[in-house]
DNA sequence: AAAGGGGGGATTTTT
DNA sequence: TCCCCCCTTT
């Protein structure tokens with residue numbers, strides 16, 4: 001143990017040795033906070049604290065797992081496995097399962113992910129016959145989420161005239177009813193959404209003092225990582241649990257608080273000293289991760305924020321290269337810059353793919369990057385976005401499994417009751433829903449009793465309903481004795497899901513089947529892993545317990561060498577030698593939706609701080625002057641954040657903007673999705689396309705479009721000569737597409753196009769001014 | 001009841 | 001550009 005402690009610097013050692021009482025560690029980026037937390041926990045155990053008495057809350061499951069592994073290395077795995085370590089959501093889901101009966105929930109309650117919640121809300125709005133344009137499901141859901149995270153129950157809502165008035169003012173007078181219906185519907189389904197996991201924990205601890213006492217006594221030492229991103233609900237749980245022993249250690253960095261949009265309250269960390277008596281404060285300010293240039297540049301950014309704790313991050317590392325700033329004309333070109341830079345760096349400095357990360361503000365930006373990387377044959381992995389477990393085909397399987405565990409789960413039932421199609425249509429489902437509401441039973445219960453209630457269903461439909469019930473029940477029987485892998489494999493076959501997918505022979509369809517195979521492999525791993533755990537048998541219930549809480553970050557098992565692509569939010573806590581922060585543009589980063597208030601802008605700035613401090617050695621900031629946004633080419637200005645960095649830390653790779661300012665030469669409404677970078681550089685009628693285009697080998701179609709005219713009276717070349725000669729029926733030869741026959745001609749003058757059916761590659765429309773065609777017959 | 005086509009909306013971030 | 005929902009047709 002001593003050797004681990006002696007490896008720490010002074011500032012790190014102090015909080016490790018501070019055993020009791022409330023304490024806060026303000027940890028700058030890259031200051032070794034995970035290390036401090038790990039060693040602190042190990043040291044607590046070394047001093048005789050039972051692992052059962054330590055609760056450690058992290059921000060992601062992955063962080064928990066990694067920390068647990070590191071602790072195992074120090075104290076041995078048999079000791080470490082008893083630690084309570086995980087996210088708020090997963091830890092309290094576990095506690096709620098064992099205490100569920102007190103709240104009237106089954107212990108096998110379902111956890112609704114945001115998709116489920118949204119569908120439930122949409123359904124309610126439809127049932128209430130409200131206007132979906134006024135009551136936008138997404139908005140409603142996020143409002144309900146805000147309520148729950150602030151512990152505003154339905155009852156509290158109706159006791160608060162201000163809230164009701166606010167909703168009435170925004171033309172949503174029935175907000176409260178929707179909230180009520182949503183809560184009822186979840187309860188009836190035996191389901192909790194993400195926010196419920198925290199809200200119900202609070203309810204449990206408040207309403208049942210003996211339960212509170214039990215967990216207070218159990219968790220004598222509590223550690224909370226990323227405390228700056230806790231919300232009010234989480235804050236109250238921590239307060240309640242730590243109240244008796246006051247051995248609470250929170251770790252965080254106010255400069256890295258980036259989740260206010262989902263209710264995180266930065267004041268939790270700013271005010272921690274006031275919440276407990278005799279708080280000891282520790283600061284970790286030495287950065288071990290990044291070069292001096294990056295650390296100091298990041299400091300100049302965060303200095304712009306007013307709301308912050310007193311802290312100066314510094315480093316003893318070497319200066320390193322300056323931050324490189326690159327401007328490009330389009331998002332596609334930005335992608336090419338990133339890809340070719342990675343390519344060159346790998347060549348020149350023997351770097352691996354895994355040493356690069358591409359970070360962006362929005363998931364939609366990944367596409368341009370993916371395209372560019374693919375063309376360079378650089379392997380990559382995208383994190384986040386639509387997670388694996390939310391893909392349609394996976395979700396379908398999971399919903400059948402959810403029904404096996406909890407047949408009251410209405411969202412699951414609605415999703416699969418007629419998929420694959422089995423003749424149970426909207427009308428029937430409608431009748432079932434009405435009956436369920438009438439009898440105050442779940443839809444599944446109504447279906448079980450379908451022969452005893454008169455719903456004016458014809459016998460064929462009744463038979464289909466009975467078949468469905470029988471099928472689910474047969475799964476339940478099998479589930480009693482078999483493990484999660486067996487039942488999942490069985491379900492995916494017996495429900496016809498796999499056969500359904502096999503009908504689709506497209507690459508997308510094949511990918512779906514592969515995804516299901518991947519799911520099965522994952523479950524196989526899980527069941528085998530569970531066998532090693534005491535008392536677990538790898539059952540479906542064990543697997544389903546927290547799939548809703550699993551993210552892609554958690555199933556990152558492959559150790560393949562790939563470039564990482566992810567949002568900045570997802571990158572928090574990670575580090576890479578080379579980091580590209582792309583899309584450094586106004587309205588994108590900072591986001592157009594986060595510039596109305598100072599605090600929103602400050603959060604964006606913290607987000608930028610997080611992005612930059614992920615880099616160990618080299619950071620790149622790139623921006624494009626125009627990019628595709630919702631399908632349209634839009635112009636953009638460089639992000640203010642670039643200017644906010646002291647110029648001494650930057651190296652501009654592209655000439656100053658004023659010399660190069662691109663003036664659109666064409667009306668983009670007329671030419672649609674014209675790629676400006678090509679327009680500027682393309683010599684319209686050169687015999688070969690510009691070199692970089694051939695390098696990248698775009699699809700033929702794409703190239704045609706990219707070579708559209710610079711102006712309506714562009715110089716004409718050989719192709720132009722065909723204007724009048726070419727007629728439908730001609731056999732022509734094209735440089736790239738080969739032999740084909742003209743089917744049709746349309747347009748006049750410069751816009752004249754020929755529709756040509758090529759022997760290879762099908763029918764294409766070519767602008768005659770550009771198409772290099774030889775008439776051969 | 002099923003399937004396919006048309007129209008409208010979306011993009012800020014996630015446990 | 002893509003995805004989802006609704007409406008139409010069969």
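Cβ atoms are placed via backbone N, Cα and C, with glycine included.
TrEMBL does not curate its annotations; it predicts them automatically.
TrEMBL lists A:6-291 with the feature domain 'UvrD-like helicase ATP-binding'.
What TrEMBL records for A:27, A:28, A:29, A:30, A:31, A:32, A:33, A:34 is ATP binding site. In the three-state DSSP assignment, the secondary structure recorded for residue A:31 (ATP binding site) is coil.
Residues or ranges marked as domain 'UvrD-like helicase C-terminal' by TrEMBL: A:292-573.
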Nonlocal residues around residue A:32 (ATP binding site), in sequence order (Cβ under 8 Å, 6 or more apart): A:8, A:12, A:284, A:288
Listed in sequence order, residues with CB under 8 A of residue A:30 (ATP binding site) and six or more positions away: A:287, A:288, A:289, A:290, A:295, A:313, A:315, A:575, A:613
Proximal but sequence-remote residues of the same chain as residue A:33 (ATP binding site) (Cβ under 8 Å, at least 6 apart): A:25, A:27, A:225, A:251, A:253, A:284
Of A:31, A:34 (the binding-site residues), the residue whose Cβ has the fewest other Cβ atoms within 10 Å: A:34
Least surrounded among the binding-site residues, given as A:27, A:29, when other CB atoms within 10 Å are counted: A:29
Cβ neighbour count (within 10 Å, all chains shown) around residue A:28 (ATP binding site): 26
